[in-house]
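According to TrEMBL, the domain 'Major facilitator superfamily (MFS) profile' annotation covers 1-410. Here TrEMBL flags 25-48, 54-75, 87-108, 114-138, 150-173, 179-197, 233-255, 267-286, 298-316, 322-344, 356-375, 381-405 as transmembrane segment.
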């Protein structure tokens, strides 16, 4: 059971690539993540191509993301009942199926708004299952001391694909057609499957919950999360990160237009800086060991640095300075998010892993949306130079308080009584 050891809880760094099982799995993660971002981009492009309406583009984006905020806990329960490797094979196959269906419909000139909405909703539901299953699989691929490394590399793959997927999609569309682009997305998913199929992992030793109803399992997962002091602490830090660094990154279009008085080129520069920073942040965490003390310090430090960077961004009037600050902020936010996930993975009991990680995903994904609405509304009422320091101060104080509260827990196992 992957709980912290007694004493210091420090374990030396060991690269995830030292594990043959992880090396075998890694190509699958690369191709499937790239294919997923390519498919998301193509669905958004199809929405614009069919309607030329920003509203429908937003609806399609919402259908691909919103189900995770509702269905993730249910799929967390499913994750705790199955071998995650088998579940991941199914969700990747469904991604390939949806891409293939879209490609065939486009080629047959049968692709319309109704079909697009159905496919977007189906992708959203599948992603709701894919995320907790993928997160639950990683600890089965590497030893405990390599877990932060594996999670860091996963963050690098995710953030790199977030940049390359849309770029690849745009290039394919300029060279061929939407049908071929959807076919490429399906091909990437199919290429991802053989290495995952050959990745043999033993399912974790855990209590078998199949005889317990979904409602009882959900309640048990909520009780476990609420009663686990270290997991509560991690969730608190995750919420702070989502409401600070992640929220500012979500508002980059407003930062570009309002704070910098820029145009699309300004936004592109800020977005590129954020992408580069997130990749570096994942690399930093991939170099960490499996000790929860060090990860807790890194998490708190990243949040404090994020607050200072947001404070500095409030006074930035130059694009180069703002881009540098945004890049560093994205790096710090990625370090905080990846460290918080690693800590949750290290301390959670295998029997509750899927449920806890699904709840963590809800916080990590949902809070930036709430934060963006709140910060955006306040900026319209006041201004960025007023709102950003306020958010930074509140989050810095909250980080310090949580870190001090968490100090006694660093010397025990962190499990609930």
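Cβ coordinates are placed from backbone N, Cα and C, and glycine is handled just like the others.
Sequence-distant contacts of the transmembrane segment (322-344) (same chain, at least 6 residues past either end, Cβ-Cβ under 8 Å): 135, 147-148, 151-152, 155, 159, 230-231, 234-235, 237-238, 241-242, 244-246, 248-249, 252, 255, 259-260, 269-270, 272-278, 280-282, 284-285, 288, 292, 295-296, 298-299, 302-303, 305-306, 309-310, 312-313, 316, 356-357, 360, 364. In summary, the transmembrane segment (87-108) does not lie against the transmembrane segment (267-286): fewer than three C-beta pairs, each 6 or more positions apart in sequence, are under 8 Å. Among residues of the same chain six or more beyond the transmembrane segment (356-375), those with a C-beta under 8 A of the stretch's C-beta atoms are 65, 68-69, 72-73, 75-76, 79, 131-132, 135-136, 221-222, 224-225, 231, 234-235, 238-239, 241-244, 246-251, 337, 340-341, 344-345, 348, 387, 391. The average pLDDT computed over the domain 'Major facilitator superfamily (MFS) profile' (1-410) stands at 86. For the transmembrane segment (150-173), the residues of the chain that approach it from at least six positions outside its boundaries are 16-17, 22, 26, 29-30, 33-38, 40-42, 45, 138, 141-142, 180-181, 184, 272, 275, 278-279, 281-288, 334, 337-338, 341-342, 345, judged by C-beta separation under 8 angstroms. Between the transmembrane segment (267-286) and the listed ranges 114-138, 233-255, 381-405, the one holding the most Cβ pairs under 8 Å is 233-255.
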